[in-house]
Amino acid sequence: MAAEDTPQDIADRERIFKRFDTNGDGKISSSELGDALKTLGSVTPDEVRRMMAEIDTDGDGFISFDEFTDFARANRGLVKDVSKIF
């Protein structure tokens, strides 16, 4: 059984998503993802493409908040680390 989201989990996800979604259109593009990941360290275009392919489950070329939430729930430790930076 999956762990329940705490109010802090939800707030962290919303804050990180808004930080990554720099143009505020409600979705994260590959360039926005790449820019955000660069603040975390060196990232190659191939790594960005792989992450987009993993997170963008509907294949529309953008990460929606729902897709981001699914990824965050599956990678809670990673998201907690990222939330400390953002």
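In case you wondered, yes, glycine gets a Cβ from its N, Cα and C as well.
Within its own chain, the domain 'EF-hand 1' (8-43) has Cβ neighbours under 8 Å at 49, 51-52, 61-65, 68-69, 72, 76, 79-80, 82-83, 85-86, counting only residues six or more beyond its boundaries. Feature annotation from Swiss-Prot assigns domain 'EF-hand 1' to 8-43; the stated evidence is sequence analysis.
Within 10 Å of the C-beta of LYS27 (Ca(2+) 1 binding site) there are 19 other C-beta atoms, taking all protein chains into account. The DSSP secondary structure for LYS27 (Ca(2+) 1 binding site) is strand. According to Swiss-Prot, the feature Ca(2+) 1 binding site maps to ASP21, ASN23, ASP25, LYS27, GLU32.
Residues or ranges marked as domain 'EF-hand 2' by Swiss-Prot: 43-78. Regional average pLDDT for the domain 'EF-hand 2' (43-78) in the model is 93.
The feature Ca(2+) 2 binding site is assigned by Swiss-Prot to ASP56, ASP58, ASP60, GLU67. All protein chains considered, the CB of GLU67 (Ca(2+) 2 binding site) has 18 other CB atoms within 10 Å.
Comparing Cβ neighbour counts within 10 Å across the binding-site residues ASP25, GLU32, ASP56, the minimum falls on ASP25. Considering only the binding-site residues ASP21, ASN23, ASP25, LYS27, GLU67 (Ca(2+) 2 binding site) has LYS27 as its nearest partner by CA-CA distance.
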